[in-house]
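So the structure is just underneath, and the comments pick up after that.
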Amino acid sequence: MSRTLILECLKHTGSEITVQGWVDVRRDHGKLIFLDIRDATGKMQVVVNPKVSADAHKTAEKLRSEFVVAITGKVNARPEKLVNPNLPTGTVELEATKVEILSEAKTLPFELGDTRQVNEETRLKYRYLDLRSQRMAKNIKLRARVAAMVRDYLNTRGFIEIETPMLTKTSPEGARDFLVPSRMQPGKFYALPQAPQQYKQLLMIAGFERYYQLARAMRDEDLRGDRQLEHTQIDLEMSFVKERDVLDLVEGMYIQIVEALGKRVWKKPFPVFTHEEAMKQFGADKFDLRPENERDPNTLAFAWVVDFPLFEWNEDNKRFTFAHNPFSAPHAEHVEKLMKDEDLGNLRAQQYDLVCNGLEIASGGVRISDPKVQRKVFEIMGLSKEQIDERFGHILEAYEYGAPPHAGMAPGFDRFIMLLANEENIREVIAFPVSSSGQTAVMDAPSEADPKLLKELHIKVEVAKKN
C-alpha cells in the first residue's frame, strides 16, 4: 500500500492507510500500546490492540522513541471526549493492523524537546537529531518559506536570479578572506566571496538591469550570536535607479513578508535617519526604536540610516580608508572635493543601512560608475597604480564600455529569519551552522589535510608553537 502523509489522514476516515515516520512517544496502557507517529507534516496517534493484530502488537512492544516505522491500519474518528485539540490530527487515530520496523534507533544523547538547554557542542555534533525537534524544524521550514516569498516578490518585479562564482579574487570588503589554493597554478590562490559585489556590478554593465540571488558569503571573522563564518544574503542590484528606488523596493519586501507572517511593522513608511542624526540620538548607527517597555518580539521596528561618511581615518596606517564599501558613490556635490583630495573626512556617501530591533539587517549603496572616481577612491586608500590595476583592473576596464548608473543592497537573510523566529542566535535558524569555537556541525571541520594533497598543492604547513 502506498504511503499516506500524516496530515492527509483526516481525508481518509474509515479507510485503511499506511503511514511512515518516527516514533515520537510510546505509551503502554494495559494491553493497549499508544504511539505518537511523526513525519514531516505532523503527528498522529496510533492504537495497537492485540485483539486486532497480535503480530502488530508483538512488534510494537519492541519500539522506542525515534524508531522509524511503517504502520498500516484503519483511520477511526476519536470519541468526542478523547479528541486532542492540540493536534491538527487530534480528531482521528489509526487502529494498527500491521507494524513494520524500518530502522532502529539508539538511546538519544539528549531529549528532543527544547534543545536550547543542551550543550552547544553536543547539539552540533548531533545536529541531525537537533533538527528533529519541533522548534528547530519550524525554524528551518520558516526559512524555506521566507526564501520562496523573497523570490516571488523579486521575480514579479522584473528581477532575474543569477548565480555568481564561489571561487574569486581577494576582496577589500573589510574581513579576512578564506583562501583556496590552486593546484593548476602553483603558488596562487582563489578566495571564497565575502560578497558578490563586483560580479553584480559587472552584471549591470552586462545589461541585466535587475539582478538578485540568495548568495552565500564567507568571511573569516570573529563569531558572535548574529555572525557566522558563512552567511546568506538577499543580494540585489538595479540599473538606472536612485537611492530612494532601492529603499522603496526593499521596504515593500520587508513589509509584505512580515505582515504575511502575522507580525507587525512598528511604523510605515520606515523612519529615516542620517548617520549623523543616528549617532547624536542613539550613540550608534544601529538601534531599537521600540520603547523599552514595549519590546514585543512580534513587532519589528525598521529604520533607514543614510548618508554615511565616505571615508574614515585609519590611525594605524595614517591614511583614510573606505567607511563602508569602496564601491559606494559620493554624493554628487562631493565629487569635486573628492577629486581634489579636499575635506575627505566630511564627504558623505550614498550608502544606506536598514536596522531593525537593534540589529543591522541590510546594507547597500549607490555605486560608483565613473572609472576616474573609482580609481581616485582606491588611490586615497593608499593603493598604487600597479596595485589598483592588478586587483581591480577588470572592473575599471568594464566601466570604459558603458556603465549604467546602478545601486543595490544585500539584506542579511539569517538575521532576518532570526528576528522572525524570535530567536537570539542565528545558529538557531541555520541547518548546519558553525559553533562559537569555529567547528562545523557534524563534520567537525576544520581538520588536517592529507599530506599527499598538500604536496600536490605545493603547500607546507608550519604551525607556530604555543608558549
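Note: Cβ is positioned from N, Cα and C throughout, glycine not excepted.
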(request) When you get a sec, could you say which of 41-44, 77-80, 181-184, 197-200 is annotated region 'Aspartate' by TrEMBL? (result) 197-200
(message) Need one residue: from GLN213, GLN228, the one TrEMBL lists with ARG219, ASP220, GLU221, GLU360, GLY412, PHE413, ASP414, ARG415 for ATP.
(response) GLN228
(message) Taking 10 A as the limit, how many CB atoms besides its own sit near the CB of ARG367 (L-aspartate binding site)?
(response) 23
(request) Note down the number of other Cβ atoms within 10 Å of the Cβ of GLU360 (ATP binding site), including every protein chain shown. (result) 17
(message) According to DSSP, does ARG219 (L-aspartate binding site) sit in a helix, a strand, or coil?
(response) coil
(message) According to DSSP, does ARG367 (L-aspartate binding site) sit in a helix, a strand, or coil?
(response) strand
(message) Please report the distance from the Cα of ARG415 (ATP binding site) to the Cα of HIS324 (L-aspartate binding site), rounded to the nearest angstrom.
(response) 19
(request) Please compare the recorded positions HIS29, ARG219, HIS324, ARG415 by how many other CB atoms fall within 10 Å of each one's CB, and tell me which has the fewest. (result) HIS29
(request) Over all pairs in ARG219, ASP220, GLU221, GLN228, GLU360, GLY412, PHE413, ASP414, ARG415, the listed ATP binding residues, work out the largest Cα-Cα distance in Å. (result) 19
(request) Determine, from DSSP, whether ARG415 (ATP binding site) sits in helix, strand or coil. (result) helix
